[in-house]
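Participant: Found this in Swiss-Prot, in case it helps:
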| type | residues | note |
| --- | --- | --- |
| BINDING | Asp456, Asp462, Glu465, Glu466 | Mg(2+) binding site |
| DOMAIN | 39-149 | domain 'tRNA-binding' |
| DOMAIN | 403-478 | domain 'B5' |
| DOMAIN | 698-791 | domain 'FDX-ACB' |
Amino acid sequence: MKVPFNWLKDYVDIDMTAEELGDALTLSGSKVEEVVTAGAEIENIVTCQIDKIEQHPDAEKLKICQVNIGSEMIQIVTAADNMKEHDKVPVALHGAILADGSKIKKGKLRGEVSNGMFCSEEELGIADGKEVIGLMILPEDAPIGVCIKEYLGLNKQVLDFEITSNRPDCLSVLGMARETAATTRKTYRMPNTKFEVKCDKNINDEIKVTVNDKLCNRYMARGVKNVKVAPSPTWMQERLLDAGVRPINNIVDITNFVMLELGQPMHAFDRRELKSSNIVVERAKDGDKFVTLDEIERELNSDVLCIKDGEEIVALAGIMGGLNSGVKDDTTEIVFESANFDGTNIRVNSKNLGLRTESSSRFEKDIDPNLAALALDRACALVEELGCGEIMEGTIDVYNNVKEEKTLEVSVSWINKFLGTSLEAEEMKKCLDSLDLKTTINGDTLEILVPTFRIDVDIREDVAEEVARIYGYNNIPATLISTSTEKEAKDKKQLLDEKVIDTMLASGLNQSISYSFVSPKVFDKICVPEDSSLRNVVKIKNPLGEDYSVMRTSTLPSMMESLARNYSRSNEIVRLFEIGKTYIPNSDENELPTERNILTIGIYGQCDYFDLKGIVENLLDSLGLKSASFKRMSENPSYHPGKTAELILGRTSLGVLGEIHPDVNENYGVDVPCYVAELDLDAMYNFSKTEKYYKPLPKYPAITRDIALLVDDAVLVQEIEDAIRKAGGQVVEKVELFDVYKGAQIPEGKKSIAYAIAYRDPSKTLKDKDINKVHDKILRALEYKLGAQLREQ
């Protein structure tokens, strides 16, 4: 869960950096996976207004836009279709850098000049993994010509927490504020929930709620009259964007804001769209159809809990509202829903419907039903603060099985014995009180009142854990234990080294071993520039000779020597690998050099770049690094500028692979193309996930469709595959490249790329109409993102 650092500081006085807080929270049991700075990479992207839109004369799906960027008018050619004249959108100008590192240049699209590119949330790095089709449309009052990072408040730090299933109370900013306050020995502030009722009408006179199923633990509602739907204020939009949620309008934003802040999902119904005064919570009937807010019609069964208006379904309980009752621009009266539903039922239905939302992800973890009242009060307070409506009198509250606080009694001496500590009862009380576990000391006994939101505190061991983590595991003294000496197990590096070796051998490679000392002249042979940092080497005081006088900073010369030696002995097909170290000197000569563990792969004879890439992909698979990607690079002087790639995982470079530069081949006396990969094993091991998980064989068949695409030469295979998978979603099981063609019938500067795409749904047999819908979506995404055209057969 992503928690903006600035939002956290609204509730706790924090006197440390986000990184320091992340470390402290991780030590106290709230694991922070990473601290990210949203939008830090993007450059030269500004807000603009589209003044005029015309059809491209030579391309049906392209439009020519005249754009005001404040300082001048420019022309942008786009394939997007969700904008209109006078809309304000982000535009990446010539030289701009997108969130993924892509650079934007001025160019021509089908003969028309385009001075940049309009941007979506994805290009800005704020889509948060959600699928985005179309441009990001900014509010009408957005200024023109302002840096988008300044306007959206990017460059802000966000803490990404790993929340376990037994801590639903931490699925909110307030929950993490409570943990932060306890960890830093501070107090936290509750958000404002006070408001004034200004409408004399009572919701209980207008709405009746009936709950016909025990799957609904609690259902609360409150009415708002004289609603004014408008964009949210900037501060609220910034909070939502920082947390990865797109602002929509003030009413919807309030429900999303409360969900993120307190952890309680909410929904707002347009009162005029409710067909009667009766709201009924009950199960759907088998075969019922319902169109959700994402404009998709879904077929329901009798397991799905629904909210009905007496005549028809208006929401899927705990999952998503309906298109028929959502808040619109002209909505004037709403009903706020704050409810609590059975977590198991929500989880099953969410999975069966293929609809996992922020709401369902919280309900499925069994959030506290008593949170519903607090959230409803908070939403009404925000309505008053934003001046977007008048709160009606009365509250509807159907709460049949009230959940109450429980009491635990635990011995102080038992906790000390269990933890190996000698803490005073008062110290334990401070730790527990800071977590809202209200504690009373009665002699050697702690009497703890456990709030309903702490479903994980149930036995005395749970209490001891809370004391230990807030007191600080690092503050508990270490003690020696008596034990027998056993053979030391292999560490992670040794086990991974063995896995790498096994993978290389299984790929048909032979292991080679070379000296770590080399000649300074090898850098000339691999065409390293004179000012390169690779020439900054550790010198050996008593070398065996000139050829072994320095420690290597690159393993490429060693591999090229091995390949050249084999070539000189007429070995026509060679497949080698080596695991060795490089030695990078530190600025302080008295310090030891930095050693990096490098895997070098070298092949030649009856092979090409894709053979080398396949070997590397096998390695990535064995190390659990499937999310790594290949990015074209041309600045490495030792490699062929058009046939070289950088291996990247996130923002970390894992190495380089490609064809060796012809000049380097000539320097080593090799007349055939050589392909080499230099991979940083230390970096790969940091990300390695080698655990195996059971996955049952698929019950339903896969269906394969072939597509042949016409794309620019500069478009990478990786970009195409990424676009296919992102647009296709979970039903795309496999994307396999089977043909790359240039030649007759292919325009100059273009290439034909052919893929076989396998579609499979784990929950049902896909029909042609299902596949056609996804297939068409993929083609649209490829055209929009990469300018790809379906090649005519």
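Counting starts with 1 at the first residue shown.
The backbone N, Cα and C atoms fix where each Cβ goes, glycine too.
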Participant: Averaged over the whole of the domain 'FDX-ACB' (698-791), what is the pLDDT?
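Facilitator: For the domain 'FDX-ACB' (698-791), the model's average pLDDT rounds to 90.
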Participant: Enumerate same-chain residues with a sequence separation of six or more from Glu465 (Mg(2+) binding site) and a Cβ-Cβ distance below 8 A; give 'none' if the list is empty.
Facilitator: Gly29
Participant: What counts of helix, strand and coil residues does DSSP assign across the domain 'tRNA-binding' (39-149)?
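Facilitator: In the domain 'tRNA-binding' (39-149), the DSSP-based counts are 6 helix, 47 strand, 58 coil.
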Participant: If you skip the near sequence neighbours and keep only those at least six away, which residues in the chain come within under 8 angstroms of Asp462 (Mg(2+) binding site), Cβ to Cβ?
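Facilitator: The list for Asp462 (Mg(2+) binding site) reads Asp456, given in order along the sequence.
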Participant: With DSSP assignments reduced to helix, strand and coil, which class does Asp456 (Mg(2+) binding site) get?
Facilitator: coil
Participant: Please list, in sequence order, every residue of the chain apart from Asp456, Asp462, Glu465, Glu466 whose Cβ lies within 8 Å of the Cβ centroid of the Mg(2+) site.
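Facilitator: What remains near the Cβ centre is Arg454, Val457, Glu461, Val463, Ala464.
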Participant: Asp456 (Mg(2+) binding site) has how many other Cβ neighbours within 10 Å of its own Cβ?
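Facilitator: Asp456 (Mg(2+) binding site) is surrounded by 16 other Cβ atoms within 10 Å.
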Participant: If one looks at the chain holding Glu466 (Mg(2+) binding site), which residues at least 6 apart in sequence have a CB under 8 angstroms from its CB?
Facilitator: Cys431, Leu432, Leu435, Leu437, Val457
